[in-house]
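Undergrad: In case it helps, Swiss-Prot gives these features for our protein:
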type     : residues                                                                    : note
BINDING  : Lys25, Gly99, Arg127, Gln175, Arg348, Arg390, Lys415                        : phosphoenolpyruvate binding site
BINDING  : Lys25, Ser26, Arg30, Ser173, Ser174, Gln175, Ser201, Asp317, Asn340, Lys344 : 3-phosphoshikimate binding site
ACT_SITE : Asp317                                                                      : active site, proton acceptor
Amino acid sequence: MSRSAPLLLNPISAISGTVNVPGSKSLSNRALLLAAVANGETHLTNLLDSEDIRHMLKALTQLGVNYRLSDDKTECWVQGLGRGFSVDNLETLFLGNAGTAMRPLCAVLATSIGEFELTGEPRMEERPIGALVDSLRQAGAQITYLKNEGYPPLKMKGMALKGGNISVEGAVSSQFLTALLMAAPLFEHDSVINIVGELVSKPYIDITLNTMAQFGITVENNNYQSFTVKGNQQYQAAGDFLVEGDASSASYFLAAGAIKGGTVRVTGVGKKSIQGDIRFADVLEKMGAKITWGDDYIEVTGAPLTAVDMDMNHIPDAAMTIATTALFAEGTTSIRNIYNWRVKETDRLAAMACELRKVGAEVIEGQDYITITPPNTLIQTDIDTYDDHRVAMCFSLVALSDTPVTINDPDCTAKTFPDYFTRLKQISA
């Protein structure tokens, strides 16, 4: 894979301004898939234009879905099929490294008609999918692994799945449950999905349930221990569907304001958001920043920051931003219960620990936690980004010190936020 040229970020002396964050990746791909199988036309606005979304759109084209994109690719009119997918010949879908496309598509295709292969980039072949496949097999799915047991690529023969009692592992990724929930209304009979172990990233399940409701399907949530879904249902087009701004993407700008002492307002997300990652602002507040909430914005004003010791299982993506914010906080910051960092775009616990040490931090990397003690002065270094958009964006915050930083392969942010560095520059002095 070709890499983009390294980007040198010189020290930023001041931060202030307003940023409208692009649409949420989680919401964009969920809404596209449900719009595709719904009855009628859905008009999506503020859709994210990024690699992960393009992989989903290309797959939907291969699966016979008609849609129209606006010139700036942030509006999409999807003509729903009114049913699961149906293909005559084997369709091979390449999904890059998009977990939000791979997992839900796997579940919906298992209960569609035809033969499908799901493939992706080399890293996708290291991201587990076994827990989802096991659950789908309980419902009657025919899925085989083409390389390694428990990992993509996969081949499946779609068929009518019966539903019934299904158990799913909750501890590795909430995307397995999300995928099952989205597919379950298409099963022949009612389903009771039982969670085995602790369910991680519960707020992402709330996003799924909220999105399903906008497409006419309600799910009985039994305190996140089990979920009851009626079978043989049809999704209904949502009409106009506004994709909220991405709360994980907002975290970098909010952190920048907190660190540098200016005032930064992020629009597109606010107190009415359905995304759990807005709770990132609460962590900044606990560290000492001043937070103001509006319906459609979050505003932060910086102040001297102090370290925190917190369970951040509920905000796994935004918690990464706390790891670099910790470089500017007094004391030792501990981020706990984040095992699922290890099964994301890269092993994020190992990657963050390695790069934080390069800038001079004292780091302890546990199996499911990380502690960070900042140095007196950050060290100028080149940050490796591991083809992980969030690593690149997190370490851009180093430039808020008196130390320049070089970000290797900065274009990896294209996965969720192609013009991130341009937006950061717009609020920097």
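Including glycine, each Cβ sits where the backbone N, Cα and C put it.
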Undergrad: Relative to the Cα of Asn340 (3-phosphoshikimate binding site), which of the binding-site residues Lys25, Gly99, Arg127, Arg348, Arg390, Lys415 have a Cα no more than 10 Å away?
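TA: Checking each Cα against Asn340 (3-phosphoshikimate binding site), the hits are Arg348.
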Undergrad: I want to verify one value. Collapsing DSSP to three states, which class is Arg127 (phosphoenolpyruvate binding site)?
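TA: The residue in question, Arg127 (phosphoenolpyruvate binding site), is coil (DSSP, three-state).
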Undergrad: Checking the spread of the 3-phosphoshikimate site as listed (Lys25, Ser26, Arg30, Ser173, Ser174, Gln175, Ser201, Asp317, Asn340, Lys344): what is the longest Cα-Cα distance, in whole Å?
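TA: Largest pairwise Cα separation, rounded: 20 Å.
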Undergrad: Starting from Ser201 (3-phosphoshikimate binding site), work out which of the binding-site residues listed here (Gln175, Arg348, Arg390, Lys415) have their Cα within 10 Å, and give them in sequence order.
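TA: So far as Cα distances go, the binding-site residues lying within 10 Å of Ser201 (3-phosphoshikimate binding site) are Gln175.
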Undergrad: Just to confirm: which same-chain residues, 6+ apart in sequence, have a Cβ under 8 Å from the Cβ of Gly99 (phosphoenolpyruvate binding site)?
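TA: In sequence order, the residues whose Cβ lies under 8 Å from that of Gly99 (phosphoenolpyruvate binding site) (at least 6 apart) are Met124, Arg127, Ser173, Gln175, Lys344.
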Undergrad: Which one of the binding-site residues (Ser174, Gln175, Ser201, Asn340) has its C-beta surrounded by the most other C-beta atoms within 10 angstroms?
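TA: Compared across Ser174, Gln175, Ser201, Asn340, the most Cβ atoms within 10 Å surround Gln175.
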Undergrad: Within 10 angstroms of the C-beta of Arg127 (phosphoenolpyruvate binding site), what count of other C-beta atoms is obtained when all protein chains are considered?
TA: 21
Undergrad: Taking the Cβ of Lys415 (phosphoenolpyruvate binding site) as the centre, how many other Cβ atoms fall within a 10 Å radius?
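TA: Result for Lys415 (phosphoenolpyruvate binding site): 22 other Cβ atoms within 10 Å.
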Undergrad: Excluding near sequence neighbours, so keeping only residues 6 or more apart in the same chain, what lies with its CB under 8 A of Arg30 (3-phosphoshikimate binding site)?
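TA: Same-chain residues close to Arg30 (3-phosphoshikimate binding site) (Cβ under 8 Å, separated by 6 or more) are Thr100, Pro104, Thr178, Met182, Ile207, Thr208, Thr211.
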Undergrad: Including all protein chains displayed, how many Cβ atoms other than that of Arg390 (phosphoenolpyruvate binding site) lie within 10 Å of its Cβ?
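TA: Total other Cβ atoms inside 10 Å, all chains included: 29.
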Undergrad: What other residues of this chain sit with their CB within 8 A of the center of the CB atoms of Lys25, Gly99, Arg127, Gln175, Arg348, Arg390, Lys415, the recorded phosphoenolpyruvate site?
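TA: So the additional residues around the site are Asp52, Asn97, Ala98, Thr100, Asp317, Lys344, Glu345.
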Undergrad: Can you see whether DSSP assigns Lys415 (phosphoenolpyruvate binding site) to helix, strand or coil?
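TA: Its secondary structure by DSSP: helix.
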